[in-house]
Ligand SMILES: Nc1ncnc2c1ncn2[C@@H]1O[C@H](COP(=O)(O)OP(=O)(O)OP(=O)(O)O)[C@@H](O)[C@H]1O
Ligand SMILES: CC(C)(CO)[C@@H](O)C(=O)NCCC(=O)O
Ligand SMILES: [K+]
């Protein structure tokens with residue numbers, strides 16, 4: 001089995017793959033103050049809680065957009081599994097040509113999503129990830145990463161509204177059904193959710209025009225993707241496991257080279 005980690009600014013999502021099937025997934029809060037032992041305990045507990053064996057994990061791959069958490073997290077993996085995790089970054093084969101001014105600057109989560117979506121659905125594509133930030137990525141028909149857009153996430157936007165205005169409360173993110181609202185909570189829900197639908201539709205339309213392609217597929221992922229996708233015809237597919245599946249795909253692309261490298265290291269150690 002292969003264990004994958006998607007380290008985001010709000011959550012770390014773990015997925016356990018048996019061959020190509022995602023058989024477990026877990027979500028824990030991203031906490032830069034947790035030590036490697038605390039992460040180790042959490043991993044132990046998640047496996048125990050789902051009746052899984054740590055010994056079944058053959059290898060670990062991770063991608064992260066939170067650099068300062070990686071020291072503890074990688075160390076916890078070494079301790080729990082005695083495995084040096086494969087971390088998506090320079091030197092890892094993704095099979096994707098990154099057309100960014102500085103390819104190292106693109107968030108690893110965006111690349112993982114792009115690899116996954118191109119493999120699963122083919123190009124041309126727009127990927128929308130509703131996480132801490134909402135990212136939009138454009139992929140060409142032949143699978144090049146062309147770049148995209150980063151907008152403040154839905155939760156960040158709604159938090160800012162209640163933190164900055166004395167009479168505005170924290171609201172649940174549910175649709176009020178209309179925009180002529182008769183109370184504060186509904187008015188805020190309408191502004192956040194329908195306002196966000198407008199943001200999403202406008203970026204998708206503009207990105208589709210810039211792509212100059214017919215039949216652009218629009219794929220959404222992330223916790224709040226269903227909330228927005230149910231309100232617009234511009235999102236064609238919601239794929240909640242897009243990032244985890246991308247990590248598994250990238251792992252497979254690097255598997256042989258990795259096994260050779262580990263074998264050489266063991267040989268060298270034995271000399
Ligand atoms: N149903 C919901 N109601 C309110 N907030 C939610 C809901 N689902 C997710 N969120 C919040 O929305 C934000 C984005 O969540 P999501 O799970 O998509 O991304 P994430 O994995 O936490 O993001 P990242 O990858 O950046 O860490 C988070 O702050 C999350 O707590
Ligand atoms: C935009 C986020 C925060 C989304 O998780 C992440 O992809 C990131 O930190 N990206 C780096 C900047 C960039 O992608 O251009
Ligand atoms: K995410």
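Cβ atoms are placed via backbone N, Cα and C, with glycine included.
Since we're looking at a predicted model, the values are computed, not measured.
TrEMBL lists 6, 7, 8, 9, 10, 11, 12, 13, 132 with the feature ATP binding site. Look at TrEMBL and you will find 100, 107, 108, 109, 110, 184 tagged as substrate binding site. Here TrEMBL flags 109 as active site, proton acceptor. The feature K(+) binding site is assigned by TrEMBL to 129.
Where TrEMBL records a feature, it is marked here on the structure.
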residue: 6; record: ATP binding site; Cβ within 10 Å: 27
residue: 10; record: ATP binding site; Cβ within 10 Å: 15
residue: 12; record: ATP binding site; Cβ within 10 Å: 23
residue: 100; record: substrate binding site; Cβ within 10 Å: 14
residue: 107; record: substrate binding site; Cβ within 10 Å: 19
residue: 109; record: substrate binding site; Cβ within 10 Å: 28
residue: 110; record: substrate binding site; Cβ within 10 Å: 24
residue: 129; record: K(+) binding site; Cβ within 10 Å: 27
residue: 132; record: ATP binding site; Cβ within 10 Å: 21
residue: 184; record: substrate binding site; Cβ within 10 Å: 13
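Cβ atoms within 8 Å of the centroid of the Cβ atoms of 6, 7, 8, 9, 10, 11, 12, 13, 132 (the ATP site) belong to the same-chain residues 30, 65, 66, 109, 131, site residues excluded. Under 6 Å, Cβ to nearest atom of ligand 2: this is the test, and of the binding-site residues 12, 100, 107, 129, 184 it is passed by 107.
Mapped onto three states, the DSSP output places residue 108 (substrate binding site) in helix. Cβ-based neighbour count (10 Å, all protein chains) for residue 8 (ATP binding site) stands at 21.
In the three-state DSSP assignment, the secondary structure recorded for residue 132 (ATP binding site) is coil. Around the Cβ of residue 108 (substrate binding site), the number of neighbouring Cβ atoms within 10 Å comes to 22. According to DSSP, residue 100 (substrate binding site) sits in a coil region rather than a helix or strand.
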